[in-house]
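For reference, the structure is listed below as structure tokens.
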Amino acid sequence: MKEKKEIFTLLHQDAASPARTGVLELPHGKVLTPAFMPVGTAATVKAMTKDDLDEIGFEIILANTYHLFLRPGIEVIKAAGGLHGFSDWKKNFLTDSGGFQVFSLSQLRKITEEGVKFQSHIDGSRQFLSPEIAVELQTGFNSDIQMQLDICSSFGISKTQTLADLKITMNWLDRAFAAWHNTPHEYDGALFPIVQGGFFEDLRLQSLEAILKHEPRGIAIGGLSIGEPKDLYQEYLSFTAKHIPKNKPLYVMGIGTPDYILEAVKNGVDIFDCVLPSRNARNGNLFTHEGAISIKRKEYEFDFNPIDSQCKCKVCRQYTRAYLRHLFRTKEILYSMLATYHNLAFLYSMVQDIREAIQNDSFNDYYKNFLKKYENRLD
């Protein structure tokens, strides 16, 4: 059995909202919260070196179990000493269970209580993923935080189908914790369960009740930002978050735009991840304090200003919008490197500012002032 322990320390609670600062104590170092985690699908954040991530200041990144399980495979990563030895990223890794990719990428998948059978999107080979295998893989990766295998119910499905999904997820929850408790003694990564239940309050509470019996070190909220209207995201984020014990670090999966991050922090969320900041950067969409801009637009052809005059990242200190537009249009590799660096540095700096506002009991003012400028732009 793994020891019961708390990995989260509350540093400050905002005076007028659930927003809070804290610190996560993980095997590969501390993580100040709130914290955004860049997504490194194949143990690398696309177009970024580990030194880039370190230079910006990130203390934790995410890697995808599904992709790493299929290629290069668990044996290669274990032989390298886990993800840290394989990638030379010395700080923390959070890994997902692989379930979301199985359901979104794979063809001919079949879900049963035992697990999910699926075909690889790479070569069509038949594969099987269960709660126990997900824990075994992530333990082999030496993940600092690993996630429970779950079913993320699609937006818009019936309550009957959502309940059927939830029953399987709760079965997998029990099996995941049984497997985690049997991992080697020297492995000290945390297992985070995931609150599901779709857009039904009673099912969300049923999911959380099952989770709390396991006294987890942290809890994730899943099944949000999956295509629902923004007001529904806000409603169910707020509803779910307020029922989670305050001594647990709270992770909301799949959010990474400034407006969604602010809404999460406003509800007491501590960590969040999303592929969009880096993917959008590669596709020409860049964050600024005045809203996102599309660098491919002709209006930037003679614009010799930085991406964002308020941003202190090295890209904004050295390069202009006109130059970045040129790199994008000529499909230069350097474009993806510079654009990704900027978007991730922008979010990191924003979250630093959020932490400072919380410490000063002025989060609500920061929230309103940021969104007033950010949402006022249509590009």
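Every residue gets a Cβ built from N, Cα and C, even glycine.
Taken from Swiss-Prot, the feature substrate binding site covers Asp96, Ser97, Gly98, Gly99, Phe100, Asp150, Gln196, Gly223. Taking a C-beta cut-off of under 8 angstroms and a sequence separation of 6 or more, Gly98 (substrate binding site) has the following same-chain neighbours: Asn64, Thr65, Tyr66, Phe69, Leu129, Ala134, Leu137, Leu149.
If you look up Swiss-Prot, you'll see Asp96 marked as active site, proton acceptor, on the strength of sequence analysis. Under DSSP, Asp96 (substrate binding site) is assigned to coil, being neither helix nor strand in the three-state scheme. Here the Cβ of Asp96 (substrate binding site) has 29 other Cβ atoms within 10 Å, regardless of which shown protein chain they belong to.
According to Swiss-Prot, the region 'RNA binding' annotation covers 254-260, on the basis of sequence analysis. Summarised as a single figure, the pLDDT of the region 'RNA binding' (254-260) averages 95.
Taken residue by residue with DSSP, Asp273 (active site, nucleophile) is part of a strand. The active site, nucleophile feature in Swiss-Prot is assigned to Asp273.
According to Swiss-Prot, the feature Zn(2+) binding site maps to Cys311, Cys313, Cys316, His342, an assignment based on sequence analysis. Annotation note: Cys313 (Zn(2+) binding site) sits in a coil segment as assigned by DSSP.
Helix first, then strand, then coil: DSSP counts for the region 'RNA binding' (254-260) stand at 3 helix, 0 strand, 4 coil. Per Cα geometry, Asp273 is the residue among the recorded positions Asp273, Cys311, Cys313 nearest to Phe100 (substrate binding site). Checked against Cys311 (Zn(2+) binding site), the binding-site residues Ser97, Gly99, Asp150, Gln196, Gly223 differ in C-alpha distance, with Gly223 being the nearest. Within 10 Å of the C-beta atom of Cys316 (Zn(2+) binding site) sit 23 other C-beta atoms, taking all shown protein chains into account. Report note: the Zn(2+) site is defined by Cys311, Cys313, Cys316, His342, and the residues of the same chain whose CB lies within 8 Å of the CB centroid of those residues, excluding them, are Pro306, Ile307, Asp308, Lys312, Lys314, Val315, Arg317, Tyr341, Ala345, Phe346.
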